[in-house]
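To start, the structure itself, in structure tokens.
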Amino acid sequence: MSRLIGELQKQLKYQIIGPFLLLAIVVAIVGLTIVAFFLARQQQDRFDNELAAATRTVSDAFLAQEQANLNFLREVAFAQRNESINAPAVADAFYENNVEGLRLALEPFFLQGTRRSDVRLDRLMAFDRSGRTIVDFERPPLAGEETYITHDSIDLSSAWFTSRILNGEADERGDKYAGLIQFSNTQTLYLATIAPVRRGNEVVGGLIVAIRIDNLLNTVVQQSRLDGIILYDQEGNLIATTFSSQARPAPLRQELVSQVKANPDPYGQTLFTIETINGVEYQFAYVPLTIRGGRAGIMATARTREEVLLTWNNISPLLVLITFSLGLGIAVLGLWVARRITRPLEELAETASAIVNGDLQRRASVNTQNEIGVLARQFNRMTEYLIELLAQVRAEARQRTAIVESITDGIIFIDVHGEIRSINRATRRLLGLSDDTALPKRLSDLPLEPLTEGIPGFGDQRAQNLYTLGDYIVRLSVEDVREDDGHLLGYVAVLQDLTEEVMVDRAKTNFIGTISHELRTPLTVIRGNADLLARGLAGPLEDEQKSFVEAIRLQANNMTNLISNVITIANLDSGSLKSTLEPIEVQRPIEDAIWQTQGQIKAKGLRLEVEIPKKLPKVLADFDHVRTIMLQLLDNARRYTSAGTITVRVMPQPDTLRIEVSDTGRGIPPNLHQQIFERFFRGDGTSEGINSSERGIGLGLAICKQLIERLGGTIGVESAPGQGSTFFFTLRYADDTATPEKPATGLESAA
């Protein structure tokens, strides 16, 4: 049917006659609906009255059950000694705490209550002055009248009624109480009535008469014209229902709860709703649930709406017959008129379809002089224009394709769903794909591996987004492709082949490392011989000779330090410098560095202070890296401090261990705090009175930053002009298993 309707909607002639046919049907339906409405309204009013009356009957049944319970309790509470079964009076048994005698006295009453149609007893309980039950008879569900079970004793001392009963309290309704109660040992809801048992003026215990609420509701439903009853608490939560567990209603909506509470005349102006439960439509009436003269919740009675719907079901065949006859007549007439209008339009549609399928020479042949003929002629002119425009677009597309194919960098276009749509010739070369090989599905399917070792540059200046792609090394960059209005069309990824550049950079790094190693050997000889001459092993030296020898030794030491830094740089760039993270005692590498530099610090007239706690937790670090960092920071402090103190300080923090090297030098302006960790950046040294060669070449702090990042720590400086400087770095504790975060790559945006 849906397919037929779809086909009819595609044809204009049916769209023309459709509104007229619909209008005629609507007029007929409206007239018949008005009649049906009044009949249904009358039936609905009668249905509402019957449901309201049935609801009052249910409320009366609750009151009657409550009164029957009270009458039965009076019989039991005032029962005298029964000689025939040798049972004591009920009050005496309570007073003497004669549990067995009380059980013997109550059993006949319990069995009689289960048989009486007015009481319909399900459970009889007796509790003593401590609030514990001493007799508890219950008829199991679906059991016979003579069958019952005896429950173990339970504590009722905390129940809302216990203290009132045992203390003999009474309110305006008397000293007997009733309510919906659920006992801990059965988890079953009962309508229970509780009364004190007196011996003279003394309360000696209490009796509870209870009927299971489901039994009561089912009995009421069978005796009335109702199809179901639901009980809710004062907040609208479901507490009992005659509906099956498969059709269990939901909690009552709060607006209904408020309306029931606010209704001044619940039986004169009963609140109704229509609900569907398990596929069946019911009408509900809501009134307060009254127990012992007070509101204990909300009661909802239900009847199916079959009777109300019956009137409409009887009228609907006539309505269908009239509607069908009217529609058929209008349809025949409308088809004839619509055919005369739609045939030229069909010709236009067939021409358009032929052009779409590739027949660019097809033109519409409509010769009428009305608006449709004008439309056909304009359509033919538009077709000529579109053919010319299509040829122009194809030429421009071929030109753009040729440009993209000629670009030496790999270019990949990715749609908004992350799927690769096209690649150029350079990309196929990098991937080793032939022209007829299928494209990879997603960017993440490319065999791209991040290049981690031997990356050109150093520290923050290292080349970013470098990957190995088979035998190639490429830089990957991904950018959004958007229209002028910002709408995202996809992504374009560019693979720049840097294989040759990386190889050249590695060759440069290896050359620098080799030259540095070669220079270290003669410098070692020069420095050693200068030390021997300074000690006088070649004979006494004159003062001027000592000055020359000291200058040689000093410059040799400076050159050795510079060459060591260059070698470190080369090892870092080439990836040959390995880091071994293991738990270490940080005092050892710090003390090694202090021991190696303290002679130079004291020789310059500076004071060295060390503040290291005796007990420190182990850190996760490389021993040699930490010593190298401390040597660089101490040497840096010595060079740029003309007078005062250099302080080494270790401070445990909650997550890391902080190591500081403070000096009393000139200080560093805030705008240079980031630059000093860059490669080849140097202080001017003017105020410290040091020359260019003694200042080094600006690699020390850059080496520190690179090494500390390898250890998963941070490094920084706190300084201001004229206030000295404090260089600090942090190390993770040995029990910290977290790994340093890796920088995000360009793959995430389009992968």
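Cβ atoms here come from the backbone N, Cα and C positions, even for glycine.
The annotation domain 'HAMP' is assigned in TrEMBL to 339-391. Annotation comment: TrEMBL describes 396-441 as domain 'PAS'. Positions annotated as domain 'Histidine kinase' by TrEMBL: 514-735. If you look up TrEMBL, you'll see 20-40, 318-338 marked as transmembrane segment.
Under DSSP, the residues of the domain 'PAS' (396-441) split into helix, strand and coil as follows: 18 helix, 11 strand, 17 coil. Helix, strand and coil content of the domain 'HAMP' (339-391), in residues and according to DSSP, is 39 helix, 0 strand, 14 coil. On the 0 to 100 pLDDT scale, the model's mean across the domain 'PAS' (396-441) is 85.
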